[in-house]
Amino acid sequence: MAGFEKKDAGPALPSIVLGAAVLVFLIVAPFVLSNYWLRVLTSILMYGIVAQGLNIIVGYTGYHAFGNSVFFGIGAYSTGVGMALGLPFGLALALTVPVAVVVAVMVGWPLLRLSGHYFAIATVALNMAMMEMVINVGGITGGAQGLALPINPMGPAMLYKIIYLVMLLILAGATATVYWLDRGSLGYALRALRDSEQGAQVMGINTTAMKIMAWAASGSFTALAGGVWAYWFTFIEPSSAFDINISIKGYVMMLMGGLGTVFGPLIGAAFLELFATIIWGKFLKIHLLILGMLIVLVVTLMPQGLLHHLRWFKRRGKPKEVIR
Amino acid sequence: MDMLFQTIINGLLLGGLYATATIGFSMVWGVMGVINLAHGAFIMIGAYVGYWAFAHFGLDPFLTIPLSMAVLFVIGYLLQELLLNRVMRTSLLLSLILTFGLDMFFINVVILLFSSDFHSVNTSYTGSSLKVGTAFIPYVRLLTFTFALILAGGFYLFLRRTRAGHAILATALDKETARLMAINPSRVYSLTFGAGAALAGAAGSLASMLFPISPIMGREFIGAVFVITVLGGIGSVEGCVLAGLLYGLIQALASLVLGVSYQNIVAFIIFLLILVLRPQGLFGKRFYGEIS
C-alpha cells in the first residue's frame, strides 16, 4: 500500500497493472466491440473528457463552473461552422482550441472575479446566452434549425472507429494534463488558490492569470469533446449542443469518482454512463427518476466520491479532506 | 403608442407573477446559501395541483392556492429535513447537484402521473378582458397579478411580524448568535425551504391559468427566477417584487423593440452585467449569499 501512503512514491504495482490492462482494452476495443458497445464506450470517453475538464476548474481551482457545457457548444459549433466552410475535420477541430481559449480569457476576466455561487450561476447564464446567440445569429450556424455537417465518404463503420480513437486521444491528453497538475508546481499553485485566494496571493501567485489559465484549459478540452461530438452526430442544434445537462452529468460523474483526483472523473464517467445506458434500456419510463435518485444518493451518502471511499478503507484514520 | 401602453401593462402584469415565483427561491438562497434548482419543479407541481383540482372537481385555480401551498410546504419541509440538511454540512455547492437530481425526479414523477402532454386550464372568464383607455387587460392576468402581490405582501409580513419570520431572518444574519437565542437552525432551514416551496406552489397555481402546463414548464421559469433574484438582491422580498416588475417590463419592451427571439438574450446580458458590476443586486444589500 506504499503508493497510497506517500504521494510522491508513484503508483503501486497493482495500480500499474490495472491501468495497463484498461489501456490495452481501450485501444483494442474499436476492433472487437459491436457497434452498440462502441457507441456506449465512445460516449463514456466523451463524458470522461467533460468530467476531466470540470475537474481542472472545479476540483483543482475551486471554481464551480456549472455551465461548462458552454464550451461543449462552442466546440461543436466552431467545428460545425469550420467544416461547413470547407475545412477538413482535423483542422476545424484543432481550431476549437483557440476559440475556446479566447472565450475563456474574454469572459473569464470579469466572471472569475465572482466567488462561489455567483460564478456557478454566471456560467449557467453564459451558456444560455451563447445558445440564444447562436439561434439569433442564424446564417452559417443554421440558427434554430440546426446545422448538418458534411457526411464523410469513408462510411459509418470506419468513421465511428476514428471518432472513438480521437475521443480516446483527447481524454488521454486531458488526463495527462490533470496528472501534471496533480504533481507539478502549477497544481500546487491552483490548490493554494482553491483553499485560500488571499493566501495564494500573499505567496506571490498571480491568481487572476492562474484562474483564467485553468478555465481556458478546462474549456479547451470540453470544446474538443464538443467538436468530435458534432462530427459524430453530424447534425447539431443549439439546444442539444448547449445542453446544460452535459455539464451537469459531467459534474455528477466527477463527484462520483472524486473531484480533485486524477482518475476519479474517469471512474465516475464509466460508472454513471454504463448505469444510465442500462436503466435507459430497461426502464424507459422512469430512467430520469432513477437517475435523479442516484444523484441524490451519491451527493448525500458519498460526497467525497467513490475513489475516496476505496482509498479510505485502505488508510483508515486519515482525516477527510473537506471539499468546498 | 397604443401598442407601447399595452406592452407596458402586459409586462408589468406578468412581472408580478414572476416576482412571486421568485421570492421562495431568493429566500432559500439568502437564508441558507442553497441554490435550489428544483424550484422550477415546485412551480410546476403547483400548476399541476391547480390543473388536477380544476379538471376533476371544477375548482377555480384561485381557490386551489391554499392546497398547492400546503402540498408544497410538506414536500419542501421534508426534503430539507431529510436530505438538504445533511448536504449543507459538507458543501453548499453540492446542493446544486442534489436539487438538480430532485428536479429530474419530480419531472419524471409528474410525467408518470399526468403524461408529458400539454394541459391547460380554461375558466369561464378566461377570454374576457377589461378595457382601459386603448388597452385591454385580460381579467385572468389582472387577478393573477393581484393575487401574486397579495402573496408577496403576506410573506413580507410573515417575515417581519411573526416569531417564525424573525427566527428566519435572525438565522440568515448570524447563525451562531441565533443558536444562542435558542433558535434551532436546522428547523429554521426546513421552515424556510417549506415556505419557499409553498410560495412556488402558489405561483404555480396562478401560472396554470396563463401558461401551457407541462412537466418541463418549470425549466422556463427558472431562467426568469435567476435573473430576478440577482437583480433584486438575494433574500430580499421587496427587491424581488421590484425586480420582478422591472424584469417583466424589460422583457416586454425587448420583444416589442428587438423581436421575441431577443427576449432571452437581453435578460441574460442584464443578468451577467448585474453579476459583474453590482453583485449585491440593484436593490439588495450584502447578504448571506455574498459571504459564502
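From the backbone N, Cα and C atoms, a Cβ is placed for every residue, glycine too.
Owing to the predicted nature of the structure, the values given are computational and were not obtained by experimental measurement.
Some features that TrEMBL has for this protein:
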- B:12-31: transmembrane segment (TRANSMEM)
- B:37-55: transmembrane segment (TRANSMEM)
- B:62-80: transmembrane segment (TRANSMEM)
- B:92-115: transmembrane segment (TRANSMEM)
- B:136-159: transmembrane segment (TRANSMEM)
- B:188-211: transmembrane segment (TRANSMEM)
- B:223-250: transmembrane segment (TRANSMEM)
- B:256-277: transmembrane segment (TRANSMEM)
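When Cβ-Cβ distances under 8 Å to the transmembrane segment (B:12-31) are tallied for each of B:37-55, B:62-80, B:188-211, the top count falls to B:188-211. In summary, the transmembrane segment (B:223-250) lies against the transmembrane segment (B:136-159): three or more C-beta pairs, each 6 or more positions apart in sequence, are under 8 Å. Against the transmembrane segment (B:37-55), stretch B:188-211 has more CB pairs under 8 A than any other of B:62-80, B:136-159, B:188-211. Through the fold, the transmembrane segment (B:188-211) approaches residues 14, 17, 20-21, 23-25, 27-28, 31-32, 34, 36, 39, 42-51, 54, 61-62, 64-65, 68-77, 79-81, 84-85, 88, 121, 123, 126, 140-141, 144, 147-148, 151, 155, 158, 164, 167-168, 171, 178, 217, 220-221 of its own chain, all at least 6 residues removed from its boundaries and within a Cβ separation under 8 Å.
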